[in-house]
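Encoded as C-alpha cells, the structure appears first; notes follow it.
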Amino acid sequence: IPAEEMSSVIVPEKPSSNTMGPKEVELILVKEQNGVQFTSTTLVTPAAPQTSRSGEEERETWGKKIDFLLSVIGFAVDLANVWRFPYLCYKNGGGAFLVPYLFFMLIAGMPLFYMELALGQYNREGAAGVWKICPIFKGVGFTVILISLYVGFYYNVIISWALFYLFSSFTWELPWVHCNNTWNSPNCSDWADNNTVSDIYTATPAQEYFERGVLHIQDSNGIDDLGRPRWQLTACLAVVIVLLYFCLWKGVKTSGKVVWITATMPYLVLTVLLLRGVTLPGAIDGIKAYLSVDFLRLCDAKVWIEAATQICFSLGVGFGVLIAFSSYNKFSNNCYRDAIITSSINSLTSFFSGFVVFSFLGYMSHKHNVALDKVARDGAGLVFVIYPEAIATLPGSSVWAVIFFIMLLTLGIDSAMGGMESVITGLIDEFKFLHKHRELFTLFIVVSTFLISLFCVTSGGMYVFTLLDHFAAGTSILFGVLIEAIGIAWFYGVDRFSDDIKEMIGHRPGRYWRLCWKFVSPCFLLRLAYAITPETEHHLVDNGEVRQFTVSVPLFLVSQYTLNITSLQGII
C-alpha cells in the first residue's frame, strides 16, 4: 500500500458504563513490497462478559442439549423402575393398570414435571434461589434440598450393595448358589426343600447371602446394637462416593459426559437380558401374567391410589433435581418439548423393564414348579435375591451376573448424581461465595454423606436404612410439591408464569396446562396422602408418617431378624 494513500481512521467507541476503564490496543503491521513497514493502532474496548437478564454473569450451560436430556432421563429412571412398576402392574390388573397410570400421568405427572423444568430454566437458579419470584416460599426450596440430602444418606448404600454383588460375581461359582458357606444358617435350603418345609423357617442360599453374607444382620440385636461398619461395604461405599465426586466436581461439564454411559447402559443391558430371558422355559407365561388384563381391578380404589403414588415418585418431582438441571439450559431452550420427551421415556422404560423382570420370574416359576406369585415381589428382594437366584441357574452365570449388576450400578449412579447436584446447585446459588469453591464444597458434601451413610453399613445398618427410607421422602415430598404448585399457580400467578414460558419458547402454555397447574395438580397432591392411608391412620399422615411410600423390605427378613417398623418407631 503506497505510503501516501495511508490515512488514520478514528473509530468512535461504543458507549460504555465505564468510559474511564482500560482499553486494549490493537497493533496492525502492514508490510509494503519494497520492505517498508507501516503500523496502525486502534483503541478497542474490551468485550464485557456475557450477562443474564438480571445483569449477573452468564450461567454455565450444558455442553450439548443431549447432555441435559440424558441427565434428566438418568435421574428419573432409577432402581424403582425395575423393582416396583412391573410388580404393581402385575398385582393390579396387568395391562388394565396402565389406565389409571396414564390418567394420573397426564393430569399430574407431566404438568408438575413441565412446571419444574420451566421454573428452573427461567430463573437460572437452584431449588432455593428460584423463589426470588416469591420469597415467602424460599423455605420450600430448602426443604427439597434437605430431602435430597437425606435420600442420599441411604440411596448410596443401595448402590454400594450392587457394587458388592458386582465384585462377588467375578468368580467361577457365584457365592449365593449353595448353603455350605460360613454365613449360612441351619435353616438354609434350596427350592426343592422349601416345598416340604414352611417358608417361615427356611431360606434359599440367595436369601441368606443377602441377609447374612452381605448385611450381616444376624450380628445385631436391634437398632441399639449397630456394631462397627463392615469393611467390605465401607470400601464399596467409598468407591461410590469417589465416583460421585469426580462426576460432579466440575459441574455439568463433567456430569453431562458421564451420563452418556450411565443413562444409556441400562437400556443396552435390559435389551440383552430380555433377549436372553425370552428364550428361557416359562418366560412367555411370566410375560402373559404381566400383561394379562383384568378390568374388574379398576373398580378397586387401591389400584388407582397405587398408580397415583407411582407417578408422583417415579418422575422425581419435588427433589429439586429437575430445577437444578434445567437451570443450566440456555434461556431459549424448549422446555415444553423436553418435559414431554423425558417423562414419556421414563414411563416407557418402566413398562419395558416389566418384560425383562417377568420373563425371568416366569422362568423361576417354571423351574421350581411353583405359582408365579410365590416368586413375584418388589423392592430390594427382587434385584438382590430373586434375580441373582435366577441368574445363578443359567449357563455362564457369572457373566450374566456381572452384566446385571453393572446395570444396577449405572441405574443408581446417575440418580444419585441428580440428588447430589440438587444439593450442590441449590446451596451454591443461594450462597454466591461458594461458586468459586465448587470443588471443595462438592468434596465437603460427598464426604459428609459418606460419614453419615456409615451407620447404614454396620451389622445393624438395615435398621437405620429402613428408618431413613421410611421418613426421608414420604409425605414431605408430597407437601413440598404441593406448596410449590400453590406458590407458582396462586401466589406468583399462572398468567405471569405463562408469560415467562412465552418469553423462553415463544408461546404460552395451553389452557390444559394452566388448569392443571392451578387446580388439578394441587388437588391431586392434597388428597393423595390421605387417600393411600386408612381412615384410622389419618393421624399418622399429620405426623408425616405414610407407610405406603417406603421401599418394601425383603420378605425373607420376616424372621427372627425382621425389621419391624412399628417396633423401631417405638424405640425412637
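Including glycine, each Cβ sits where the backbone N, Cα and C put it.
Disulfide connectivity taken from TrEMBL links C188 to one of C179, C236, namely C179. Contact between the transmembrane segment (471-494) and the transmembrane segment (140-167) holds: at least three of their C-beta pairs are under 8 Å, each pair 6 or more apart in sequence. Looking only at the binding-site residues G74, V77, S314, L411, S415, the one with its C-alpha closest to C188 (disulfide bond) is L411. Annotation for the recorded positions V77, C188: lowest Cβ count within 10 Å of the residue's own Cβ, C188.
If you look at the transmembrane segment (440-465) against the transmembrane segment (304-325), you find fewer than three C-beta pairs under 8 angstroms, all six or more positions apart, and that falls short of contact. Straight-line distance linking the Cα atoms of S415 (Na(+) binding site) and C179 (disulfide bond), rounded to a whole number, equals 35 Å.
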